[in-house]
Amino acid sequence: MSAMLQLPLVVTAQVDLVLVLVSLLALWTRLSRLSYPNAVVFDEVYYGQFVSLYMKRVFFIDDSGPPLGHMILALGAYLGGFDGNFVWNRIGAEYPSSVSVWSLRVLPALCGALCVPLVYLLTLELRFSHLSALGAAVLLLLENSLIVQSRFMLLESVLIFLVLLAFFSYLRFHNAPTSSWFRYVWLLLSGVSCAAAIGVKYMGLFSYLLLLGVAFLHTWNLVGDQSVSHLNVCVQCVCRVVCLLVVPVLLYVFWFYLHLSLLNRSGPHDQLMSSAFQASLQGGLSRITQGQPLEVAYGSQVTLRSSASQLIPCWLHSHKANYPVRYENGRGSSHQQQVTCYPFKDVNNWWIIKHPGRQELVVDTPPRPVRHGDVIQLVHGMTSRFLNSHDVAAPMSPHAQEVSGYVDFNVSMPAQNLWKVDISNREAESEVWKTILSEVRLVHVNTSAVLKLSGVSLPEWGFRQLEVVAEKLFKAHGSSLGWNVEEHRYGTSQEPKEREAELHSPTHIDVDRKISFWAKFLELQWKMLAVKQEESEHKYSSAPLEWITMETNIAYWLHATTNAQIHLIGNPVSWGVANLSLLAYQLLAAVYMLRRRRGFKDLPDAVWDQFVCLGCVCVGGWVVNFVPFLLMEKTLFLYHYLPALCYLYLLSPALLEHTHTHLLSSVTHRCALCVCVSAVLLSVFVSYRTFCPLTYGSPELSANQLRGLRWRDTWDILYRRR
Amino acid sequence: GQLHIIIHIPANHYLSYDLVVLPNYLPALEGSLHSSILRNRKNIPTSLKTSQAPFTSVSKDKISQTAGHSSEDDNQSSNGSSAQLFTRRHGESPVKVLLLLVVGLSFSTRLYKITEPPHVCWDETHFGKMGSYYINRTFFFDVHPPLGKMLIGLAGYMTGYDGTFPFIKPGDKYEQQNYWGMRGFCAVLGSFLPIFAYLIVLELSQSHTAAFITAILLIFDTGCITISQYILLDPILMFFIMAAVLSMVKFNQQRYRPFTASWWFWLVLTGVNLAGAFGVKFVGLFVILLVGLNTIWDLWRLLGDLSLSLVDVAKHFLARVVGLILLPLFLYVTVFAVHFVVLNKSGPGDGFFSSAFQSRLMGNNLYNASMPEYLAYGSTITVKNLRIAGGYLHSHWHLYPEGVGSRQQQVTAYSHKDYNNLWLVHRQDDNNSQSGSPDLVRHGDIIRLEHKETTRNLHSHLHEAPLTKKHFQVTGYGINGTGDTNDLWQLEVCGGRKGDLVKVLRSKVRFLHRATGCVLYSSGKTLPKWGWEQVEVTCSPYLKETPSSQWNIEDHINPKLPNISLSVLKPHFLEILLESHIVMIRGNSGLKPKDNEMNSKPWHWPINYQGLRFSGVNETEYRVYLLGNPVVWWLNLASLGLYLIMVAVASVTIQRGFSLEQSQVLMRGGGLLLLGWLLHYAPFYTMGRVLYYHHYFPAMLFSSMLTGITVDILLNSADLILQPPYSDWMQRVGQMVLLLSVLYSFYLFHPLSYGMTGPLAHEPGSAMAGLKWMDSWEF
């Protein structure tokens, strides 16, 4: 105690000046003149819509990735006081002065800048020297494509930052002495950044899996270490599982929780979701459905929505048009009234539930609810035709029965209009048919066929609406059979004219209906994965194999009047260095492995381990971030390659250092290598300077200068004709 | 110089058995060397202990060196007491009795009711038809390589089928035709599957119980029976797959006697079977991968064996290159050669192939073709794209839909011969052909192509093409030949000079669009439904000469010019081979699922979610439904999970320094089978083509073999928790329960394979009442 009292109060700080310097340079390259160009650049037009929707708290669904990335962009907009009132309709549109462009772009730019020091630190954690670390940082610093991608409201820089952070913190954890408990903070950080990376883009998953693989190998070695007690091994394993598996999963769900609690108003994408989901949003369907009676009763007026997993919603529909007597292919029909499924709200979507034994179309007081197993008739509200099915082949799906609104032509074709209610998600046998919640199959009593959306659209005579058929149960599957009541009210008017007026009037009353967060999360997640983009080629899209040689560029922005323009073009020299080092590593690894297998140990074990670790992280990182794209059928762009490229920039200097220390023994060779490296660095800098005008969009270049920058024939650089 | 000592130590406690089964077998000494063994069993006979005594004093490395093998990889495990049940029951030679039992059951279940139903079932309509094509020597096109169909054709030919049955659609009655031969051939090959599976598992696990469990699972699986009984490629494919795996496993067993006759025999047999598998369907690629990985693993082991010189390693490497690469390749090419020699008559497949190829088919219009030699104005022509398997320039009375460029008439590339492929050649200005002998078209001339059927001109403009957005759209425009300046194309002969004439069939020509400077191009991408799934034609602004932008004039009709007999350059065999492969691959990827068709997903398969209807729909019809025996399939699924758990537990235990008996069989044998299952299953997730339930059957075979090994080891491990007498009882009870449940479920579900009539399963009074355990089953 007394000894401690005698100690002076000392603060010792070590500052890595090189690190500070590269950080400052990175900040300068990424953040200077950030609000130029003051116009919508490339995919900002896409992300911008979502930012606006966040500001207005309107629900949307985006299949390109989980919501965290959009939320980060929205955070920047929020801090800059953006109110969401900007129409993101075309690339190149000028931002009004009310929009703070700088704040929209600053978060991605900051992340992009921080990648540079992070790479420096990561190289150190891979146990390479400060000089290698500096090399990696410089390569990243002077990479034009990363600069371009960071300076706009785009997500790649955020993703790269998080992925690098995850690896850095994991290696920090791994390299820390086993005794310290503080190192688990690093592990936790690693788990958190993995979750964030996946939350920004699904692509983060690739790096996460690689990190799990590396962590598994390390853990496996730990399990094999028999000097550690069983208990200790168990505890360590549990800690790793919690930090790297449990925490990321929980966080991933948490991003959705944030997303759903932020967006509570109905919007343009409502219709993709189930009725229950829509009813949980303010406005939209909930405005209509609020206060609807819950239990469907005899005399109820309802719209029946198909619960098919198709993305276009549709409602059971009929109209004053009959099936053509003969179809184009010569088959005949019943010529009765068409019954279809219609993807828009329409007064012709209303049906009335009728008790077969009674004439009334109004609800009794008290209402008599319809239960599972009851037999009902369905009357079309506007035309008063009964929903009917019979042994006539359906128009487009001849193996199924036609469904019609019954018209009696006196041709010995009797009405078969009884339907049994089969609630497929019932909990009790006598459950009441509930609005929105119950999923119902309508089973035709005469033929025991089930009312079904076939998914085929009818030709011109059916106004291209969707075909509805009845099909025997043993043939049909799944969700195309289910229907749920979406809009519902108790009918009060017996007269057809009054009823029409009633159907035209909107429904209103108040009740609140909620579905749980988990149900919403699962539905949203499923929809996001299931929504398939139309596969279409974009003018600047490219194939993965073209990325390695940078075959295609992407024009991000062109000044409205001058030749000033911004392109996504990487630094060709660095790109070449990256490819070369990838090749060199693989060759070297193959030679080492074969020689080790034959008993020649070229490297001491510690160095070999370091070499392997480098390969696992960097080459592995490149592989997991590149190879999956070869299998994808999406429209792909050059920027999808940037995460993989960053791994190669990590690899290059480390590999050079390895060559320098372990392969070259003579002094002259080493000197030669140093000279080469400096020459390469110089040319990296020169080519960075050369492409700067296309990276920053200024200064404007003449057509001739632009032509000079077109290093590859396949690049598309725009010249303005004057 | 190396001395190969083969050590015989009975790892098993039953010496007689061991000597019968394992003629050459390096036992594991690991069990005796490790200090801690996780076993309750104490009944090691003293004789065994004494026989091992000399070795325990020697270090492990030393033993393996004397034996001339690398130390790490070669320790086979001792087999516990696997075969005891059957050894006890069957006495001296259980091998033969069990094997005979398997053979008998297998053949009888597959050949029973082979002629039922006497009508065309499911894909018989394709493969039976193709068998007939071989008998009739008619050229056809199919997405699969020819071996399977050739064998079917051969079987039909040998059994007196004359190739006259048309196989138009499923349900057609065979009447008097000799169809049983083709079915029987497939069924015989299918009967070998359980036998091969038995032998593979026996080889991998050295346990008769495991092998017998596997064989029982496969023999009494309704799915395997059904798929073997009809004229399909699958039994043939699976026969070759299993035969390849069996020979590979046998070859692995020969590793201590390299370059002996039996070693070569199994190596060559592996190669032959690989060629067979790949020659039937491209799915055979997966078994090639399996064998390839196994071989790499084996070579890696040899490389690490420092007692072998590099020359020895090189010899091993070369032997495998010859046996597993060159030989199969040669056989595969031979199969194609036979295919092309046999099929020499024109048939339905002609249009898929290049003009040169067609000229070798008897009956084709290019066979000894005779037409005007040089392209002339006023001629009617067909234009064929020169990319491999490129189509004819085609148009029809349908417009591009709303939102795809401008709403004008579609122009596509189409592989079938069709009158919509005909175009008229006009000068840029005039429409009427003059009298007298027509002028010839020359390099650099500006022409107009009018579609004969619809009288629209070939047209392009600055709208994005439907799929290749970087190119321009090509349409049919104008009426009766009057259009605008966007209809003008400059014709260029590749490598020609101004004034050169255009030779029909032989000149490669390009069509340059006058107004935009782009070149007529076939991208090879399939248009969506609105384009009838024909191939996109665009106008490319990139002028590089590629086959996609080159065309040739195939048919040339001009009554005013004399017809001259043209001998087209006969294509080289390798060119035909390459061409037919590209056509097949493109055909395969073109089998996209239709929008509203119920499409089978890979995850449906292991859970036996839904089968395939082979025959019959209604109550009155004779119904056969391809569906695996659910007990077998669900047991397989459970065993996969169980296997992973067991491997995880065993690996952690070993990593923590304990030793486990049988872990080698579990990891090596089981691992190989798991890899086989993965290779035959996982790739389907990445396939865009339409998938069917029967694609899972090769994977199912591997899965069943894995089940055999897993269940056997699990039952053997009863002694980890129970004392000896009880553990043996438990083991036997487990085996009996398994056997009886498989048999009983087969009894329940056998109508699926052998046919059923009467009401459907959901109605009372059906033979299958109460057996519709999943709603998605359709019987």
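The backbone N, Cα and C atoms fix where each Cβ goes, and this holds for glycine too.
Per TrEMBL, these features apply:
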- B:49-69: compositional bias 'Polar residues' (COMPBIAS)
- B:49-85: region 'Disordered' (REGION)
- B:76-85: compositional bias 'Polar residues' (COMPBIAS)
- B:180-201: transmembrane segment (TRANSMEM)
- B:207-225: transmembrane segment (TRANSMEM)
- B:232-251: transmembrane segment (TRANSMEM)
- B:263-296: transmembrane segment (TRANSMEM)
- B:317-342: transmembrane segment (TRANSMEM)
- B:372-428: domain 'MIR' (DOMAIN)
- B:438-494: domain 'MIR' (DOMAIN)
- B:499-556: domain 'MIR' (DOMAIN)
- B:631-653: transmembrane segment (TRANSMEM)
- B:665-684: transmembrane segment (TRANSMEM)
- B:696-715: transmembrane segment (TRANSMEM)
- B:736-754: transmembrane segment (TRANSMEM)
Chain residues in Cβ proximity to the transmembrane segment (B:263-296) (below 8 Å; excluding those fewer than six residues from its ends, i.e. six or more beyond): 144-148, 233, 236-237, 239-241, 243-245, 247-248, 250-252, 254, 257, 319-320, 323-325, 327-332, 335, 584, 588, 672, 675-676, 679-680, 683, 695, 698
Overall pLDDT of the domain 'MIR' (B:438-494), taken as the mean: 85
Secondary structure composition of the domain 'MIR' (B:438-494) [DSSP: H/G/I, E/B, coil]: 3 helix, 29 strand, 25 coil
Chain residues in Cβ proximity to the transmembrane segment (B:180-201) (below 8 Å; excluding those fewer than six residues from its ends, i.e. six or more beyond): 98-99, 102-103, 105-107, 110-111, 114-115, 128, 131, 151-152, 155-156, 158-161, 207, 210-212, 214-215, 218-219, 224-225, 227-232, 235-236, 238-239, 242-243, 245-246, 249, 669, 701, 704-705, 708-709
Tertiary contacts of the transmembrane segment (B:631-653) (same chain, 6+ residues out, Cβ under 8 Å): 38, 217, 220-221, 223, 606-608, 660, 663, 666-667, 670-671, 674, 677, 700, 703-704, 706-707, 709-711, 713-714, 738, 741-742, 745
Helix-strand-coil residue split for the domain 'MIR' (B:499-556), DSSP-based: 6 helix, 27 strand, 25 coil
Within the domain 'MIR' (B:372-428), residues counted as helix, strand or coil by DSSP: 3 helix, 27 strand, 27 coil
